[in-house]
Amino acid sequence: MNIVILAAGQGKRMHSNLPKVLHPIAGKPLAQHVIDTARQLSPEKLIVVYGHGGEVVRSTLAAPDLSWAEQAQQLGTGHAVAQALSELGSAAQTLVLYGDVPLTTVATLKRLLQAGKDALSVLTVDLANPSGYGRIVRDGAGNMISIVEEKDASAEQKAIREVNTGIMAVPTARLADWLGKLKNDNAQGEYYLTDIIALAVAEGMPVRTAQPEGEWEVLGVNSKVQLAELERQHQLNLAGELLVAGVRLADPARIDIRGELTHGRDVAIDVGCVFEGKVELADAVEVGPYCVLKNVKVGAGTRIAAFCHFEDAVIGPDGVLGPYARLRPGTELGPEVHIGNFVEVKKSIIGAQSKANHLAYIGDAEIGQRVNVGAGTITCNYDGANKFKTVIEDDVFIGSDTQLVAPVTVGRGATLGAGTTLTKDAPPDALTFSRPRQMTLPGWERPKKVKK
(Lines of atoms letter the chains of each structure in order from A and count residues from 1; the text may use other names and numbers.)
(Lines give C-alpha, C1' and ligand atoms only; values in the text may rest on other atoms or scores of the structure.)
Protein backbone atom coordinates (compact mmCIF):
# COMPACT_ATOMS: atom_id res chain seq x y z
CA MET A 1 0.00 0.00 0.00
CA ASN A 2 0.86 3.71 -0.16
CA ILE A 3 0.56 5.78 3.00
CA VAL A 4 0.04 9.54 2.90
CA ILE A 5 0.43 11.47 6.16
CA LEU A 6 -1.08 14.96 6.18
CA ALA A 7 1.14 17.25 8.24
CA ALA A 8 0.71 20.70 6.70
CA GLY A 9 -1.55 22.37 9.27
CA GLN A 10 -0.51 25.50 11.13
CA GLY A 11 -2.20 24.81 14.45
CA LYS A 12 -3.18 28.37 15.36
CA ARG A 13 -4.79 27.27 18.63
CA MET A 14 -1.45 25.88 19.81
CA HIS A 15 -0.24 29.51 20.16
CA SER A 16 3.28 28.39 19.32
CA ASN A 17 6.02 29.04 16.76
CA LEU A 18 6.61 25.29 16.61
CA PRO A 19 4.60 23.55 13.85
CA LYS A 20 1.72 21.62 15.37
CA VAL A 21 2.88 18.18 14.22
CA LEU A 22 6.24 18.67 15.97
CA HIS A 23 4.79 19.15 19.44
CA PRO A 24 5.77 16.13 21.54
CA ILE A 25 3.85 13.35 23.18
CA ALA A 26 5.98 11.00 25.28
CA GLY A 27 9.05 12.92 24.16
CA LYS A 28 8.42 12.32 20.45
CA PRO A 29 6.81 14.63 17.85
CA LEU A 30 3.17 13.92 17.07
CA ALA A 31 3.96 13.18 13.44
CA GLN A 32 6.80 10.84 14.41
CA HIS A 33 4.31 8.65 16.27
CA VAL A 34 2.25 8.41 13.07
CA ILE A 35 5.31 7.68 10.93
CA ASP A 36 6.48 4.94 13.29
CA THR A 37 3.04 3.31 13.21
CA ALA A 38 2.91 3.57 9.42
CA ARG A 39 6.26 1.82 9.07
CA GLN A 40 4.88 -1.23 10.85
CA LEU A 41 2.50 -1.69 7.90
CA SER A 42 5.47 -1.97 5.47
CA PRO A 43 4.15 0.49 2.86
CA GLU A 44 5.48 0.65 -0.68
CA LYS A 45 5.62 4.45 -0.41
CA LEU A 46 5.42 6.60 2.72
CA ILE A 47 4.70 10.23 1.88
CA VAL A 48 4.47 13.20 4.23
CA VAL A 49 2.56 16.26 3.02
CA TYR A 50 4.04 19.31 4.71
CA GLY A 51 3.27 23.01 4.60
CA HIS A 52 3.37 25.23 7.67
CA GLY A 53 6.83 25.08 9.19
CA GLY A 54 8.27 23.79 5.93
CA GLU A 55 11.91 22.91 6.32
CA VAL A 56 11.66 22.59 10.11
CA VAL A 57 9.18 19.75 9.68
CA ARG A 58 11.32 18.10 7.00
CA SER A 59 14.58 18.37 8.91
CA THR A 60 13.04 17.13 12.17
CA LEU A 61 11.33 14.10 10.65
CA ALA A 62 13.87 13.36 7.89
CA ALA A 63 14.45 9.68 7.13
CA PRO A 64 15.55 7.75 4.02
CA ASP A 65 12.21 5.98 3.61
CA LEU A 66 10.12 9.17 3.55
CA SER A 67 8.96 11.00 0.45
CA TRP A 68 7.79 14.59 0.69
CA ALA A 69 5.06 16.66 -0.95
CA GLU A 70 4.52 20.35 -0.23
CA GLN A 71 1.12 21.95 0.26
CA ALA A 72 2.07 25.61 -0.11
CA GLN A 73 -1.50 26.79 0.52
CA GLN A 74 -3.75 25.00 2.97
CA LEU A 75 -6.84 24.51 0.81
CA GLY A 76 -8.28 21.45 2.53
CA THR A 77 -7.59 17.77 3.01
CA GLY A 78 -8.49 16.83 -0.56
CA HIS A 79 -6.08 19.42 -1.89
CA ALA A 80 -3.41 18.13 0.51
CA VAL A 81 -3.68 14.54 -0.73
CA ALA A 82 -3.60 15.79 -4.33
CA GLN A 83 -0.12 17.19 -3.72
CA ALA A 84 1.10 13.64 -3.05
CA LEU A 85 -0.29 12.06 -6.23
CA SER A 86 2.99 12.25 -8.14
CA GLU A 87 4.75 10.35 -5.34
CA LEU A 88 2.32 7.44 -5.12
CA GLY A 89 3.42 3.94 -5.99
CA SER A 90 1.36 1.40 -7.89
CA ALA A 91 -0.02 -0.28 -4.75
CA ALA A 92 -3.75 -1.06 -4.81
CA GLN A 93 -4.58 0.96 -1.68
CA THR A 94 -3.59 4.37 -0.41
CA LEU A 95 -4.02 4.90 3.33
CA VAL A 96 -4.50 8.51 4.48
CA LEU A 97 -3.34 9.36 8.00
CA TYR A 98 -3.00 12.61 9.96
CA GLY A 99 0.14 13.95 11.57
CA ASP A 100 -1.78 15.30 14.56
CA VAL A 101 -3.60 12.01 15.35
CA PRO A 102 -0.75 10.09 16.97
CA LEU A 103 -2.23 7.10 18.80
CA THR A 104 -4.03 5.04 16.17
CA THR A 105 -2.87 1.44 16.54
CA VAL A 106 -1.52 -0.88 13.87
CA ALA A 107 -4.32 -3.36 14.64
CA THR A 108 -6.99 -0.76 13.88
CA LEU A 109 -5.33 0.27 10.61
CA LYS A 110 -5.09 -3.36 9.53
CA ARG A 111 -8.83 -3.75 10.09
CA LEU A 112 -9.45 -0.64 8.01
CA LEU A 113 -7.27 -1.92 5.17
CA GLN A 114 -8.98 -5.29 5.26
CA ALA A 115 -12.39 -3.61 5.08
CA GLY A 116 -11.18 -1.63 2.06
CA LYS A 117 -10.30 -4.60 -0.13
CA ASP A 118 -11.95 -3.78 -3.51
CA ALA A 119 -13.74 -0.85 -1.85
CA LEU A 120 -13.30 2.50 -0.16
CA SER A 121 -13.03 2.21 3.63
CA VAL A 122 -13.40 4.88 6.29
CA LEU A 123 -12.46 4.77 9.97
CA THR A 124 -15.41 6.00 12.03
CA VAL A 125 -16.14 6.26 15.72
CA ASP A 126 -19.26 6.83 17.85
CA LEU A 127 -18.90 9.83 20.16
CA ALA A 128 -21.11 10.92 23.03
CA ASN A 129 -20.34 14.50 21.98
CA PRO A 130 -19.75 14.58 18.21
CA SER A 131 -19.50 18.37 18.03
CA GLY A 132 -16.86 19.56 15.58
CA TYR A 133 -16.64 16.33 13.59
CA GLY A 134 -17.98 15.36 10.17
CA ARG A 135 -21.07 13.13 10.49
CA ILE A 136 -21.44 9.74 8.81
CA VAL A 137 -24.63 9.72 6.73
CA ARG A 138 -26.14 6.32 5.90
CA ASP A 139 -29.11 5.28 3.80
CA GLY A 140 -32.09 3.27 5.03
CA ALA A 141 -30.18 0.02 4.50
CA GLY A 142 -27.32 1.21 6.66
CA ASN A 143 -24.94 1.82 3.78
CA MET A 144 -22.64 4.80 4.13
CA ILE A 145 -23.41 7.40 1.47
CA SER A 146 -21.58 10.57 2.54
CA ILE A 147 -19.79 12.58 5.21
CA VAL A 148 -21.16 15.98 6.12
CA GLU A 149 -18.83 18.44 7.83
CA GLU A 150 -20.06 20.16 11.00
CA LYS A 151 -20.30 23.61 9.40
CA ASP A 152 -22.34 22.22 6.51
CA ALA A 153 -24.58 19.86 8.53
CA SER A 154 -28.30 20.32 9.09
CA ALA A 155 -29.79 20.12 12.57
CA GLU A 156 -30.88 16.53 11.86
CA GLN A 157 -27.40 15.57 10.66
CA LYS A 158 -25.76 17.17 13.69
CA ALA A 159 -27.68 14.71 15.88
CA ILE A 160 -25.74 11.80 14.33
CA ARG A 161 -23.16 10.39 16.76
CA GLU A 162 -21.09 8.37 14.29
CA VAL A 163 -18.35 10.63 13.02
CA ASN A 164 -15.54 10.64 10.51
CA THR A 165 -12.02 10.35 11.87
CA GLY A 166 -10.50 11.46 8.57
CA ILE A 167 -8.54 8.23 8.24
CA MET A 168 -9.42 6.23 5.15
CA ALA A 169 -8.10 3.65 2.70
CA VAL A 170 -8.73 4.61 -0.93
CA PRO A 171 -8.34 2.57 -4.13
CA THR A 172 -5.23 4.13 -5.65
CA ALA A 173 -6.49 3.69 -9.21
CA ARG A 174 -9.50 5.96 -8.55
CA LEU A 175 -7.89 8.51 -6.26
CA ALA A 176 -6.60 10.99 -8.86
CA ASP A 177 -9.90 11.07 -10.75
CA TRP A 178 -11.93 11.62 -7.59
CA LEU A 179 -9.63 14.35 -6.32
CA GLY A 180 -9.92 16.12 -9.68
CA LYS A 181 -13.70 16.25 -9.29
CA LEU A 182 -13.72 17.86 -5.84
CA LYS A 183 -15.33 21.27 -5.46
CA ASN A 184 -14.87 23.90 -2.77
CA ASP A 185 -18.47 25.16 -2.65
CA ASN A 186 -18.80 24.73 1.12
CA ALA A 187 -18.73 26.95 4.20
CA GLN A 188 -14.94 26.70 4.48
CA GLY A 189 -14.17 27.15 0.80
CA GLU A 190 -11.95 24.07 0.94
CA TYR A 191 -11.55 20.84 -0.99
CA TYR A 192 -12.67 18.11 1.39
CA LEU A 193 -11.20 14.63 1.01
CA THR A 194 -14.43 13.33 2.53
CA ASP A 195 -16.34 14.36 -0.61
CA ILE A 196 -14.85 11.41 -2.49
CA ILE A 197 -17.31 9.24 -0.52
CA ALA A 198 -20.23 10.59 -2.53
CA LEU A 199 -18.25 10.13 -5.76
CA ALA A 200 -17.56 6.49 -4.89
CA VAL A 201 -21.23 5.89 -4.08
CA ALA A 202 -22.24 7.47 -7.40
CA GLU A 203 -19.98 5.00 -9.19
CA GLY A 204 -21.50 2.09 -7.30
CA MET A 205 -18.34 1.37 -5.34
CA PRO A 206 -18.97 -0.02 -1.84
CA VAL A 207 -18.01 2.23 1.07
CA ARG A 208 -17.17 0.22 4.16
CA THR A 209 -16.25 1.29 7.67
CA ALA A 210 -14.10 0.09 10.54
CA GLN A 211 -13.91 1.34 14.11
CA PRO A 212 -11.05 1.60 16.60
CA GLU A 213 -10.91 -0.23 19.92
CA GLY A 214 -11.04 3.05 21.82
CA GLU A 215 -11.98 6.65 21.16
CA TRP A 216 -8.47 7.76 22.18
CA GLU A 217 -7.04 6.12 19.05
CA VAL A 218 -8.54 8.78 16.81
CA LEU A 219 -8.28 11.89 18.96
CA GLY A 220 -6.39 14.74 17.34
CA VAL A 221 -4.46 17.66 18.78
CA ASN A 222 -5.48 21.24 18.08
CA SER A 223 -4.58 22.92 21.39
CA LYS A 224 -2.23 22.57 24.33
CA VAL A 225 -5.20 21.32 26.36
CA GLN A 226 -5.77 18.46 23.93
CA LEU A 227 -2.03 17.80 23.81
CA ALA A 228 -1.93 17.40 27.60
CA GLU A 229 -5.05 15.21 27.62
CA LEU A 230 -3.64 12.91 24.96
CA GLU A 231 -0.28 12.75 26.75
CA ARG A 232 -2.03 11.50 29.90
CA GLN A 233 -4.06 8.99 27.92
CA HIS A 234 -0.94 7.66 26.22
CA GLN A 235 0.93 7.39 29.51
CA LEU A 236 -2.00 5.52 31.07
CA ASN A 237 -1.92 3.12 28.13
CA LEU A 238 1.80 2.51 28.63
CA ALA A 239 1.34 2.11 32.39
CA GLY A 240 -1.40 -0.42 31.77
CA GLU A 241 0.94 -2.46 29.58
CA LEU A 242 3.56 -2.45 32.35
CA LEU A 243 1.03 -3.61 34.94
CA VAL A 244 -0.16 -6.44 32.73
CA ALA A 245 3.48 -7.47 32.23
CA GLY A 246 4.02 -7.68 36.00
CA VAL A 247 5.64 -4.35 36.90
CA ARG A 248 4.47 -2.91 40.22
CA LEU A 249 3.55 0.77 39.83
CA ALA A 250 2.78 2.80 42.94
CA ASP A 251 0.38 4.91 40.85
CA PRO A 252 -0.24 4.26 37.13
CA ALA A 253 -1.30 7.89 36.71
CA ARG A 254 2.08 9.19 37.84
CA ILE A 255 4.70 7.78 35.49
CA ASP A 256 6.14 9.18 32.25
CA ILE A 257 7.75 6.99 29.61
CA ARG A 258 9.42 9.02 26.87
CA GLY A 259 11.19 6.26 25.02
CA GLU A 260 11.55 2.50 25.40
CA LEU A 261 11.37 0.88 28.84
CA THR A 262 12.18 -2.83 29.08
CA HIS A 263 12.09 -4.76 32.32
CA GLY A 264 12.55 -8.09 34.05
CA ARG A 265 10.41 -9.69 36.73
CA ASP A 266 9.42 -8.13 40.07
CA VAL A 267 10.35 -4.59 39.09
CA ALA A 268 8.85 -1.83 41.25
CA ILE A 269 8.50 1.84 40.26
CA ASP A 270 7.36 4.53 42.67
CA VAL A 271 5.49 7.73 41.76
CA GLY A 272 6.73 10.59 39.61
CA CYS A 273 9.45 8.73 37.69
CA VAL A 274 10.47 9.72 34.15
CA PHE A 275 12.09 7.27 31.73
CA GLU A 276 13.67 8.71 28.58
CA GLY A 277 15.45 7.09 25.66
CA LYS A 278 16.24 3.41 26.10
CA VAL A 279 16.03 2.19 29.70
CA GLU A 280 16.54 -1.42 30.81
CA LEU A 281 15.56 -2.56 34.31
CA ALA A 282 16.62 -6.10 35.18
CA ASP A 283 14.87 -8.41 37.66
CA ALA A 284 13.90 -7.04 41.08
CA VAL A 285 15.04 -3.48 40.41
CA GLU A 286 13.38 -0.88 42.64
CA VAL A 287 13.10 2.74 41.53
CA GLY A 288 12.12 5.25 44.20
CA PRO A 289 9.94 8.31 43.73
CA TYR A 290 10.74 11.20 41.39
CA CYS A 291 13.72 9.69 39.60
CA VAL A 292 14.79 10.48 36.03
CA LEU A 293 16.51 7.73 34.03
CA LYS A 294 17.68 8.43 30.47
CA ASN A 295 19.44 5.78 28.39
CA VAL A 296 20.32 3.72 31.45
CA LYS A 297 20.84 0.00 32.03
CA VAL A 298 20.23 -1.19 35.61
CA GLY A 299 21.37 -4.59 36.87
CA ALA A 300 19.26 -7.05 38.84
CA GLY A 301 18.45 -6.29 42.45
CA THR A 302 19.63 -2.68 42.38
CA ARG A 303 17.74 -0.24 44.58
CA ILE A 304 17.44 3.40 43.54
CA ALA A 305 16.20 5.82 46.18
CA ALA A 306 14.26 9.04 45.60
CA PHE A 307 15.24 12.03 43.47
CA CYS A 308 18.05 10.44 41.46
CA HIS A 309 19.04 11.60 37.97
CA PHE A 310 20.90 9.13 35.73
CA GLU A 311 21.88 9.61 32.09
CA ASP A 312 23.81 7.38 29.67
CA ALA A 313 25.00 5.09 32.45
CA VAL A 314 25.38 1.37 33.15
CA ILE A 315 24.64 0.20 36.70
CA GLY A 316 25.65 -3.26 37.86
CA PRO A 317 23.56 -5.68 39.94
CA ASP A 318 22.72 -5.25 43.62
CA GLY A 319 23.70 -1.61 43.76
CA VAL A 320 22.38 0.94 46.24
CA LEU A 321 21.96 4.45 44.83
CA GLY A 322 20.60 7.70 46.16
CA PRO A 323 18.73 9.54 47.34
CA TYR A 324 19.76 12.59 45.30
CA ALA A 325 22.49 10.79 43.35
CA ARG A 326 23.52 11.87 39.87
CA LEU A 327 25.14 9.70 37.22
CA ARG A 328 26.28 11.57 34.13
CA PRO A 329 27.16 10.16 30.69
CA GLY A 330 29.91 7.56 30.54
CA THR A 331 29.42 6.18 34.05
CA GLU A 332 29.79 2.42 34.59
CA LEU A 333 29.18 0.91 38.01
CA GLY A 334 30.13 -2.65 38.92
CA PRO A 335 28.20 -5.02 41.20
CA GLU A 336 27.19 -3.91 44.71
CA VAL A 337 28.36 -0.33 44.27
CA HIS A 338 26.93 2.31 46.63
CA ILE A 339 26.45 5.88 45.36
CA GLY A 340 24.80 7.94 48.06
CA ASN A 341 23.17 11.31 48.56
CA PHE A 342 24.63 14.29 46.73
CA VAL A 343 27.26 12.23 44.93
CA GLU A 344 27.90 13.03 41.26
CA VAL A 345 29.72 10.63 38.96
CA LYS A 346 30.77 11.54 35.42
CA LYS A 347 32.57 9.43 32.78
CA SER A 348 33.98 7.07 35.39
CA ILE A 349 34.27 3.34 35.98
CA ILE A 350 33.73 2.15 39.56
CA GLY A 351 34.51 -1.43 40.52
CA ALA A 352 32.55 -3.93 42.57
CA GLN A 353 31.65 -3.14 46.20
CA SER A 354 33.12 0.35 46.11
CA LYS A 355 31.26 3.09 47.94
CA ALA A 356 30.84 6.84 47.74
CA ASN A 357 28.06 7.35 50.21
CA HIS A 358 27.78 11.11 50.43
CA LEU A 359 28.87 14.52 49.16
CA ALA A 360 31.44 13.64 46.51
CA TYR A 361 32.35 14.39 42.89
CA ILE A 362 33.95 11.65 40.80
CA GLY A 363 34.81 12.67 37.25
CA ASP A 364 37.06 11.09 34.60
CA ALA A 365 38.13 8.42 37.07
CA GLU A 366 38.84 4.72 37.15
CA ILE A 367 38.13 3.25 40.58
CA GLY A 368 38.87 -0.34 41.52
CA GLN A 369 37.05 -2.74 43.81
CA ARG A 370 36.23 -2.28 47.51
CA VAL A 371 37.23 1.39 47.52
CA ASN A 372 35.78 3.70 50.17
CA VAL A 373 35.38 7.31 49.02
CA GLY A 374 34.91 9.57 52.03
CA ALA A 375 32.48 12.46 52.29
CA GLY A 376 33.60 15.62 50.55
CA THR A 377 36.03 13.87 48.18
CA ILE A 378 36.59 15.58 44.84
CA THR A 379 38.50 14.46 41.77
CA CYS A 380 39.92 17.70 40.40
CA ASN A 381 39.81 16.69 36.75
CA TYR A 382 39.70 20.02 34.90
CA ASP A 383 42.32 22.75 34.66
CA GLY A 384 40.12 25.16 32.74
CA ALA A 385 41.12 23.78 29.35
CA ASN A 386 41.70 20.02 29.57
CA LYS A 387 40.32 17.00 31.44
CA PHE A 388 42.65 14.61 33.29
CA LYS A 389 42.19 11.10 34.67
CA THR A 390 42.29 9.87 38.25
CA VAL A 391 43.11 6.20 38.90
CA ILE A 392 42.24 4.65 42.28
CA GLU A 393 43.23 1.01 42.59
CA ASP A 394 41.57 -1.77 44.63
CA ASP A 395 41.06 -1.59 48.41
CA VAL A 396 41.87 2.11 48.78
CA PHE A 397 40.45 4.14 51.67
CA ILE A 398 40.02 7.85 50.99
CA GLY A 399 39.42 10.05 54.01
CA SER A 400 36.87 12.84 54.09
CA ASP A 401 37.45 16.20 52.43
CA THR A 402 40.14 14.92 50.07
CA GLN A 403 41.02 16.48 46.73
CA LEU A 404 42.75 14.40 44.07
CA VAL A 405 44.37 16.74 41.54
CA ALA A 406 44.49 14.76 38.28
CA PRO A 407 46.38 13.23 36.65
CA VAL A 408 47.12 11.14 39.72
CA THR A 409 47.13 7.46 40.76
CA VAL A 410 46.41 5.99 44.19
CA GLY A 411 48.05 2.59 44.60
CA ARG A 412 46.35 -0.60 45.75
CA GLY A 413 45.52 -0.71 49.46
CA ALA A 414 46.59 2.90 50.06
CA THR A 415 44.97 5.19 52.62
CA LEU A 416 44.56 8.93 52.12
CA GLY A 417 44.18 10.91 55.31
CA ALA A 418 41.26 13.27 55.76
CA GLY A 419 41.79 16.73 54.33
CA THR A 420 44.51 15.63 51.92
CA THR A 421 45.17 17.49 48.69
CA LEU A 422 46.88 14.87 46.54
CA THR A 423 49.03 16.26 43.73
CA LYS A 424 51.38 13.29 43.28
CA ASP A 425 50.81 9.55 43.04
CA ALA A 426 50.17 7.81 46.36
CA PRO A 427 52.09 4.51 46.81
CA PRO A 428 50.26 1.25 47.59
CA ASP A 429 49.70 -0.02 51.13
CA ALA A 430 50.77 3.26 52.74
CA LEU A 431 49.18 6.24 54.46
CA THR A 432 49.49 9.46 52.51
CA PHE A 433 48.28 12.78 53.85
CA SER A 434 48.94 16.46 53.44
CA ARG A 435 47.71 19.01 55.90
CA PRO A 436 49.17 22.00 57.78
CA ARG A 437 50.44 21.46 61.33
CA GLN A 438 47.64 22.09 63.83
CA MET A 439 48.27 25.16 65.97
CA THR A 440 46.60 26.58 69.09
CA LEU A 441 46.88 30.23 70.14
CA PRO A 442 46.02 30.52 73.86
CA GLY A 443 44.11 33.64 74.85
CA TRP A 444 43.18 34.56 71.31
CA GLU A 445 39.99 36.61 71.07
CA ARG A 446 37.65 37.07 68.20
CA PRO A 447 37.37 40.59 66.80
CA LYS A 448 34.45 42.50 68.21
CA LYS A 449 32.13 44.81 66.35
CA VAL A 450 32.42 48.44 67.35
CA LYS A 451 29.12 50.27 67.62
CA LYS A 452 29.08 53.55 65.73
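Any Cβ shown, glycine's included, is placed from N, Cα and C.
Quick caveat, the model's predicted, so the values are computed rather than measured.
In Swiss-Prot this protein carries:
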REGION    1-224  region 'Pyrophosphorylase'
BINDING   6-9, Lys20, Gln71, 76-77, 98-100, Gly134, Glu149, Asn164, Asn222, Arg328, Lys346, Tyr361, Asn372  UDP-N-acetyl-alpha-D-glucosamine binding site
BINDING   Asp100, Asn222  Mg(2+) binding site
REGION    225-245  region 'Linker'
REGION    246-452  region 'N-acetyltransferase'
ACT_SITE  His358  active site, proton acceptor
BINDING   Ala375, Asn381, Tyr382, Ser400, Ala418, Arg435  acetyl-CoA binding site
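A sphere of 10 angstroms centred on the C-beta of Glu149 (UDP-N-acetyl-alpha-D-glucosamine binding site) encloses 19 other C-beta atoms.
The average pLDDT the prediction assigns to the region 'Linker' (225-245) is 98. In sequence order, Asn357, His358, Leu359, Ala360, Ser400, Asp401 are the residues of the chain that are 6 or more apart from Ala375 (acetyl-CoA binding site) and have a CB within less than 8 Å of its CB.
In sequence order, Ser354, Lys355, Val396, Phe397, Ile398 are the residues of the chain that are 6 or more apart from Asn372 (UDP-N-acetyl-alpha-D-glucosamine binding site) and have a CB within less than 8 Å of its CB. Listed in sequence order, the binding-site residues from Leu6, Gly76, Gly99, Asn222 having a Cα within 10 Å of the Cα of Tyr382 (acetyl-CoA binding site) amount to none. Listed binding-site residues near Leu6 (UDP-N-acetyl-alpha-D-glucosamine binding site): Asp100 (candidates Asp100, Asn222, Asn381, Ala418, Arg435; Cα-Cα distance within 10 Å).
DSSP assigns Gly99 (UDP-N-acetyl-alpha-D-glucosamine binding site) to coil, not to a helix or a strand.
With helix defined as DSSP H, G or I and strand as E or B, the region 'Linker' (225-245) counts 20 helix, 0 strand, 1 coil.
By a simple count of nearby Cβ atoms, those within 10 Å, the most crowded of the binding-site residues Asn222, Asn381 is Asn381.
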